[in-house]
Amino acid sequence: MSSIPLRVPEDALKWRLPYKSRVGMAALIVGESALFTIFVVAYIFYLGRSLTGPKPSDVLEVPVLGTICLLSSSLTIWRAERAIENDRRRSFTVWLATTVVLAVCFLVGTALEWHKLIYRDGLTISTNLFGTTFYSLVGLHATHVIVGLFLLSAVLLFSLFGWIDQRQSDRFSVVALYWHFVDAVWVVVFTVVYLIGR
Amino acid sequence: MSDYSVSAHEAFGPPVSVKKRGTFLESLHAWVVTVDHKRLGILYILYSTFFLLVAGAEALLMRLQLAYPHNQLLSPQVYNRFFTMHGTTMVFLVGMPFLFGFGNYIVPLQIGARDMAFPRLNAFSFWLTAFGGLLLYYSFLGGGGLYGVGNAPDVGWFAYAPLTARSFSPGHATDYWALALIVSGFGTLGTAVNIIATIVSMRCKGMTLMRMPLFTWLFLVVSMLTLVTITPLTAAQFMLLIDRYLGGHFFDTQAGGSSLVWIHFFWIFGHPEVYVLVMPAFAIANEVIPVFCRKAIFGYPAMVAASVGIMFVSLGVWAHHMFTVGMTSVSNAFFTLSTMLVGVPTGIKIFNWIATLWGGRIRFTTPMLFCIGFLFQFLIAGLTGIMLSVSPWDWQLHNSYFVIAHFHYVLVGAVVFCIFAALYFWYPKATGKLMDETLGKWHFWLFTIGFHITFDTMHFLGLLGMPRSIYTYQPDRGWNFLNLIVSIGGVIQGIAVLIFAFNFVRSYFRGKIAGDDPWDAWTLEWTTSSPPPAYNFEQTPEVHSRRPLWDLKHPDDPDWEYEA
């Protein structure tokens with residue numbers, strides 16, 4: 001150290017940080033996962049502990065159609081993401097509209113299922129432990145689908161007005177991330193409630 | 001994408017000086033609608049200071065009630081309400097808002113950002129938290145009138161089932177408890193998301209992860225921990241409300257439900273919550289100690305690793321609160337060992353702080369005194385924690401005053417001491433005035449003496465078998481004298497806090513002008529003016545080392561030459 005260096009270190013690194021909304025959504029998803037974990041654990045723990053009927057195997061039917069709708073909506077929203085990234089607006093609107101329709105189909109499926117459970121089988125949230133855990137877990141997921149549906153419909157509306165183009169693709173990817181999460185949670189809920197639980 | 005392409009003027013409007021006084025209504029309006037992270041940070045801190053005084057008053061009333069046997073000051077019901085409200089308030093309305101307030105204020109300044117990632121979400125989170133506090137205290141106005149302390153929650157801050165079932169807890173006290181905490185929990189969740197997004201994607205040029213100040217590092221870790229601890233509590237409270245309002249059976253043993261599930265879910269939140277509270281305290285010590293002993297923190301990478309380690313380990317130890325509920329001996333052994341494991345990263349931290357102090361030129365300012373107090377007390381808190389983690393020992397001491405003493409050693413001896421250190425340390429940054437040192441030293445010594453009189457003695461009361469949550473006791477148990485001592489200690493702490501409150505308000509009007517960098521510190525928040533302008537920095541800073549201000553002050557011997 002005979003001479004005092006007067007240079008500044010060369011930070012040749014390109015300073016590029018992740019998109020803040022995507023980081024925020026990822027963080028929110030971590031939190032939401034913890035929320036769902038607690039409800040899923042409660043569901044599994046209380047399986048078969050109801051003192052009175054009906055049992056899951058008596059009343060539950062596997063919602064194949066709804067599941068297909070929801071899982072394929074992950075695919076369509078992915079197509080929409082690719083479309084808006086390349087500024088293909090027409091194709092974006094079509095794929096987004098398909099996603100919304102599929103989400104509505106899923107929710108209609110849930111509504112029909114609940115209608116049957118309540119009015120034909122007499123299973124409500126207070127009937128027994130199974131009712132309590134079933135409606136809270138599936139209801140929690142359905143709530144998230146509804147929130148996602150609001151987001152998607154808003155984007156669809158904007159895109160019908162022609163307000164969405166390539167510049168919004170980053171923001172749309174945040175909505176899509178949420179939607180993929182809702183789908184992934186359904187895989188867990190479906191497995192626990194309709195496959196293991198029956 | 002880049003937020004810096006927008007000029008400060010465009011993004012925030014013309015700079016408004018905090019000093020400029022409009023009419024009262026104008027400035028009130030400006031504070032209510034603010035989205036500035038510094039103002040929100042101050043709002044958080046004022047809000048939690050207010051509740052610190054409220055919950056402190058509740059604690060003092062409880063201590064007066066317990067000062068001598070067969071006291072009639074509080075009825076059993078009122079006593080239950082006070083200990084529930086004291087615990088709930090201190091954890092949710094004092095501890096977390098205080099710490100997230102500091103995070104809000106300091107983190108963007110330390111990473112050279114102009115604001116948080118989502119300023120409006122930030123404001124929304126604060127007002128949710130504030131509304132949660134309001135809702136909780138609104139319960140005082142209902143039910144049995146004010147002297148019976150209204151309809152305040154009385155189920156303990158842990159709200160064990162089935163005490164919270166409709167049949168055991170009629171009225172709306174428990175609903176207030178759950179709803180208020182759900183609301184403020186959403187606020188906390190929003191803040192945690194915001195802090196993570198800010199730290200990950202708003203750092204100024206050159207601030208790599210390994211150059212971030214440790215304060216910021218710890219807030220990243222704490223926010224991640226918050227995400228996975230607050231949500232289980234929210235989930236459990238939703239279940240509780242489903243039970244209470246919709247006739248659900250989650251915790252209803254008559255219908256196959258289980259109260260054990262509530263205890264598990266509560267402590268899956270409740271244990272990591274301790275670390276959510278104490279890690280920001282570490283964060284504060286990490287800033288204060290190096291500055292006042294003129295040395296860079298010892299073992300920066302080890303400190304980071306230890307923080308991340310604590311985050312993971314803390315998620316696997318919750319059942320050490322439950323050794324006596326009748327788990328299997330295998331689970332008791334597992335949770336004993338995992339709890340002891342927390343001692344390893346915590347020990348690393350303590351050793352690193354001591355190594356930082358070693359050979360340093362220590363300045364005993366008030367914030368430094370509080371941090372040194374913290375070091376001693378946190379060490380003792382850790383040792384009694386290890387004692388309680390031994391399950392047979394815990395069987396003996398469960399729900400005794402020993403446990404109360406232990407967790408107050410953590411929550412007061414570590415967290416509150418560091419909060420005070422932080423208030424003295426960053427007060428000049430936020431207001432431009434220094435807090436009075438003489439009053440500060442009075443505050444420190446009185447509070448420390450009061451603290452030790454209260455909580456050291458409580459250990460002995462616990463060993464003598466005094467249980468927690470009792471509103472009075474028989475005179476022949478040998479607890480009379482010790483209880484009186486504990487109560488006197490409580491009063492001394494109360495006086496110390498009043499001195500602090502006086503100092504806090506007085507210094508704002510009469511304090512010495514601080515200047516930008518009163519402590520000769522090294523992190524970025526001290527480069528900007530005090531108080532900082534609305535846009536924080538005139539020019540977005542660029543850093544090359546962990547101590548950017550040292551580099552500026554010592555261009556002949558900059559830090560980046562030595563950092564790997």
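Cβ atoms are placed via backbone N, Cα and C, with glycine included.
Taken from TrEMBL, the feature domain 'Heme-copper oxidase subunit III family profile' covers A:22-198.
If you look up TrEMBL, you'll see A:23-47 (among others) marked as transmembrane segment.
Taken from TrEMBL, the feature transmembrane segment applies to A:59-80 (among others). Outside the transmembrane segment (A:59-80) by six or more residues, the chain places 91-92, 95-96, 98-99, 102-103, 105-106, 109-110, 113, 117, 121, 123, 145, 152, 172, 176, 179-180, 182-183, 186-187, 190, 193-195, 197-198 with a CB less than 8 A from a CB of the stretch.
Per TrEMBL, the feature transmembrane segment maps to A:92-112 (among others). A Cβ distance under 8 Å defines the sequence-distant neighbours of the transmembrane segment (A:92-112), meaning residues of its chain 6+ beyond its ends; these are 63, 65-67, 69-70, 72-73, 76-77, 79-80, 83-84, 138, 142, 145-146, 148-149, 152-153, 155-156, 159-160, 164, 179.
Annotation source TrEMBL lists transmembrane segment at A:145-164 (among others).
Per TrEMBL, the feature transmembrane segment maps to A:176-196 (among others).
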Task: Residues from the same chain, set at least six apart from the ends of the transmembrane segment (A:23-47), whose C-beta lies under 8 A from its own - done: 56, 129-130, 132-134, 136-137, 140-141, 144, 174, 177-178, 181, 185, 188-189, 192-193, 196-197
Task: Chain residues outside the transmembrane segment (A:176-196) and at least six past its termini with a C-beta under 8 angstroms from it - done: 22, 25-26, 28-29, 32-33, 36, 40, 43-44, 47, 56, 60, 62-63, 67, 70-71, 73-74, 77-78, 80-81, 99, 134, 137-138, 141, 144-145, 148, 151-152
Open item on the list: As a test of reading the model: what is the averaged pLDDT for the domain 'Heme-copper oxidase subunit III family profile' (A:22-198)?
Closed with: 95
